[in-house]
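Listed features, source TrEMBL:
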- B:30-63: transmembrane segment (TRANSMEM)
- B:75-94: transmembrane segment (TRANSMEM)
- B:106-132: transmembrane segment (TRANSMEM)
- B:152-172: transmembrane segment (TRANSMEM)
- B:214-233: transmembrane segment (TRANSMEM)
- B:253-273: transmembrane segment (TRANSMEM)
- B:294-315: transmembrane segment (TRANSMEM)
- B:335-353: transmembrane segment (TRANSMEM)
- B:360-385: transmembrane segment (TRANSMEM)
- B:405-426: transmembrane segment (TRANSMEM)
């Protein structure tokens, strides 16, 4: 047992107090419990408390979390003044009730012990008032303000005022992670537009290098829209993907064609020609064109971000011809009324001496702009404000820590143009300030808090109605009637052909599903969240088409060196069937140098390599750490496909008979159905489960040894006969005839009367026989005390104790654990129902994975009620049980993927 | 092979041969070397166990798919060796194979030591080893009892019964020899110690009658007990659902495997004792000849068992089962599997040649080969099936770490230590039984 | 205190002959002390049946039925649990512990019975009072005859193969 340690002082983060101090802290803690450490400023709980939730002391607050600047509305669950879980906000258009990995992981980011805790100048701590003085002195000509993408109307208002007040001050915006479907809409770097499909009116989608289901601020809403159109109008909905490197979108496409990036413009032209009646086009293009023209007003073509501007113009024209249900919106970060410059111009501005001082607010140019920036900016004064002491903070004369969004007041626009208020869930843990306050300091003002600044913005907007609308916006989590800006693209008449650098391979860079563009590198949950297609964790890789790999003699796990853009990256190789020949794919966001104990030195940064690279196989140096190494199904029919959703798998059921008498199951008895047809592999369920169930991180060395703790994993398999992979989320199956239970010598693994396969942690002695005997291998063993004394890196910090879900035990060393179907939520519903003397309603219990899933692929409920959603799903013809022939009678079952029929292929 | 199994000697000479190395002669240099080396390795075992308990079983190479690794490999390996002593002693007694008197005492000691070492692994491989007693049905405030359907509970009962049984069987057999030591010892301490161990044995006709009644009944129960113990060990796997484990041949195949590996160790130990005790007249070439034949029989049965597994896999039509066998034979795991076949099936065929059975060097090399083969067999059984489970997504492999190896080496050292001490304390050959059968061969 | 005469032999056959002849003369209370088991003497002396095996049978049966009953009771009535959908009364699974406990119960009962019937442990027997009996565990066989019942020494000295006579308290 670890020595009794005092609770940390949340405000200073100090540890190791004496006994007297500990007593004082206990007293303070008791006082904090009585009042809650929630901010005393008026916050408002969410108007409709979700029914599914946690125990009765939980409260929910609506707020918004930024990703690449843009908002996703969330509801944050709070226990005794501490946020413990992020849920989606059904009312917010960028969430619609779902979440993504980044939103779920913000909780860990809030309590992260590697956050910066107080202002510092060089190595010396300074006060915020000293920092404010330096900021004020810095505001003047020759000063540049560099921000991340600013989607906050209040911050934009403040910056506008600042630009007015300080002539000669320039504002640069850094956008390392560009949202999906944000494309060029004119000649300038700031001429961008956000395409936003209306999924209710969209049947046929053709993507040309676009990845709407991939990571980014639009992922949740786009996945939900796509999955609903696919589920509700299966016969009409078709997705065609033309892309160089497999993306989540391409993986879910009905038809997919691997195309080199340089050939994508040609595909667009062929598509145009086919739509015009031309016949001399490749068959896949002809098929896509046929589908497009067969769905007038219900078809869209979605361009990728890297297409040349004339191709963008061509696709825009096709969409207009098709009368595509597609909005052309101003990006959330774009403020046309303000003088806004792209960060790409910053390095030159510094090098030329135009910029002598740099105030960085929530950006990290030393990483995103690379070595050129570091060279140029070495001699100028940098004042850095951010949540962490990152690479830029290391160069800065002054660093001031910013609030985490869960500690801050603000407002944020979403990709669709809607706006929401951001309200704090907890008093700031450290000596941090809001970005709003920092801008005020630049303006020479202090004393106004972020809440007042935000209210000022909206008071001006709403006038008389302010009180009611403020109340409404906070309790709903979305601002009604906010005007949405649209863009009319301005296509240049002719464009200069940009020079293509040398290099044998086209280099396709994608945003990371784990760390996006590097800002989430310090987050342990995300570093250990596997890349959907390769299952790599704790790093990035270079992916190759099988033909290229064979030609270069590369096998999976070998080390390759990519050279381009005057630099190189040493990466492990992976081989992806379905990748275009002559391309190498990498993910961005790795190779951070100052990302805390978790993220520093993980992977390599491939952004500077440029669009073309040379590849060389070398001996060793990069390790491929994965949670799954074998992707073949070996004829085991694990991830099934049907070509006709109506006929389904009816004929294939072969559940064996059992020696044992069937048990009667009392109501409720729980079960789950997972629809593999719409699962897009986004991993949101994994991180949601990790957050809900206090699942620890094990670290790269442990994963390399084959250990991992995720209660729900997503198996990725090659689809037989297709050059792509599919996804199969695997939580505990809660088998009725669970093989794990008879294996346990101490009855730590038992069935309860609600049909749950329960694991009794305090009874478990750790024989691991249950794990050996689980054919689905969903059981997870605490080989070490991963949650506390033997945690990876700094994840055992006392501060993280505050993040735990109080309704779920934290498991110690030597104990088996696994998915419980979120039994704490079931019990909360049981209590609520018995208080009101009624049965639990269908849909009242929502598991964490189900609630997070943006594709609504997971159905959960009472299988003894024939009317419940889960029972109806089990009647679906596509329904099947994994490894059914073993006779385990799993309660978690699947719906098969629907592949386009053979007739359709021939017809096209 | 004109030699007899039983030496042609006077009873007094047997007493001297058995007792004097302990009571009269000094330990000798080799003994001291053995003691120091085995003490050092025992120290390694203790360190490994301390690190294991303080650090957690994560120090081993086991992982989410390969949950057992060396802990169970060595549990099965040791318990296999541990099964032979009692089996040999009991079965040969029942079938009146009087040559057993040369080997049964140390074979039973081997059983006892190996079974105790084997018993360490199931306890220390637990995630929370300090709670191992939860497998015992004892009155507790939780009102909980063990879960009787678990093969691990069966295993617990089997191993505990087996160790206690073996101890009683071995001790009962040794009481008359303790009396001999008591009466022959000159030192006060030895007289008292052996006096207590002998319990006042006077060798009266009544004693012998009662003793024989019990000893014979124990031998009769020992055979089914040994069979049940290793069947239960086989059930630890066979009651599981994993492909490669869920095979009904496991219980009998484990029993034969245990007998096979145990006999191989007996051969090696017999050769060592023959040298150490200068006892070529008591452990004769004929002993090695007959033990060679038994090992050959064991090897043939093992070969048939392996072939049966291949057949099962093919006949079951289960992809997962077939994949495990294919990966063993010519897939990723072929080196382990072929090392097993080499040691267990191929080399022992040399025993068909009579000279190989009586040539001590050859017979020891083959027996050591069998022990390697059986070790690899336990690796094959414990490590490969979970590495090739039903869901390919979870396929992974187990690589032992330093602490995996150190614990194994440590237990080998501990076993050696126990035997080194045994040689200096306890009559290694059953003198009273040998005297009983003196001259028998001449008479018949 | 009765004294006993120990007739010393070094070979089995004359001792067996001596036993037969003494018994033929009606001498009772004979016993033998031999370094190894001599079945012929056991047969000639006809001591009572040891009763060890009957005790083992009873002990084993009791242990087995108690073990089985305890398993069934605890699994069905005392703490019934749904374990993988298996029946509460999983009698085949209960068989293993039952069998092991039967053997162990028999072994322990037998051991205790053996010790008790042999009158052991008894570390201070008059038999040990003289150093001359130390060879009784080495290579010498002793036939003990109660002095009261023994024929005269002359008769005894005529027994073939007799190596000597030792007197001990009995």
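From the backbone N, Cα and C atoms, a Cβ is placed for every residue, glycine too.
The shown structure was predicted, so the numbers you read here are calculated from the model rather than taken from an experiment.
In this chain, the transmembrane segment (B:335-353) does not touch the transmembrane segment (B:75-94); fewer than three CB pairs sit within less than 8 A of each other, excluding pairs fewer than 6 residues apart. Same-chain residues lying 6+ beyond the ends of the transmembrane segment (B:360-385) with a Cβ under 8 Å from its Cβ atoms: 66, 68-69, 72-74, 76-77, 80-81, 237, 242-245, 257, 260-261, 264-265, 267-268, 271, 285, 288, 291-292, 295, 299, 302, 324, 327-328, 333, 336-337, 339-345, 347-348, 350-351, 397-398. The stretches the transmembrane segment (B:405-426) and the transmembrane segment (B:214-233) are not in mutual contact, being linked by fewer than three Cβ pairs under 8 Å (pairs 6 or more apart in sequence). The transmembrane segment (B:152-172) shares more Cβ pairs under 8 Å with B:214-233 than with any other stretch in the list B:30-63, B:214-233, B:335-353. Across B:106-132, B:214-233, B:294-315, B:335-353, the stretch most heavily in contact with the transmembrane segment (B:30-63), judged by Cβ pairs under 8 Å, is B:106-132.
With a threshold of 8 Å between CB atoms, the same-chain residues lying at least 6 positions outside the transmembrane segment (B:214-233) that come near it are 76, 79-80, 83, 86-87, 89-91, 93-94, 151, 154-155, 158-159, 161-162, 165, 168-169, 172-173, 251-252, 254-255, 257-258.
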